[in-house]
Amino acid sequence: MALLLALSLLVLWTSPAPTLSGTNDAEDCCLSVTQKPIPGYIVRNFHYLLIKDGCRVPAVVFTTLRGRQLCAPPDQPWVERIIQRLQRTSAKMKRRSS
C-alpha cells in the first residue's frame, strides 16, 4: 500500500499539470484544467476563476501544501469533494478560535 502511495505521488509530481498564465489584466486565468483527480490531502486552499471574472476557462485553482497552483474543472465531483472538505476544516478552525 505504501509503495502504491509513493508511486502515485511520484507520478503526480512528475506529470505536467495545467497551471496559471498571466493573460488577463484583472487576474491570472487557467488556460486549461486537469481531468486527473488531485489528492485532496495535498491541497491547502482554493479559489475560483470564472468566466464572469474575465477568464475563458472556468476553473477552481487549488494551492498545494508546497505552494503549487493546479487548475481543476469546477463541475467535477472530485473537485466538489475537496472544496467541501476544505470548507469543513475551515469552519472547525473558526469555531475553535471563537
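Using N, Cα and C of the backbone, Cβ positions are placed for all residues, glycine too.
Among C55, C71, the cysteine that Swiss-Prot records as disulfide-bonded to C30 is C71. The CA atom of C71 (disulfide bond) is located 12 Å away from the CA atom of C55 (disulfide bond). Rounded to a whole number, the C-alpha distance linking C30 (disulfide bond) with C55 (disulfide bond) is 7 angstrom. C55 (disulfide bond) falls outside any helix or strand according to DSSP and counts as coil. The disulfide-bonded residues examined here are C30, C55; by Cβ neighbour count within 10 Å, the least packed of them is C55.
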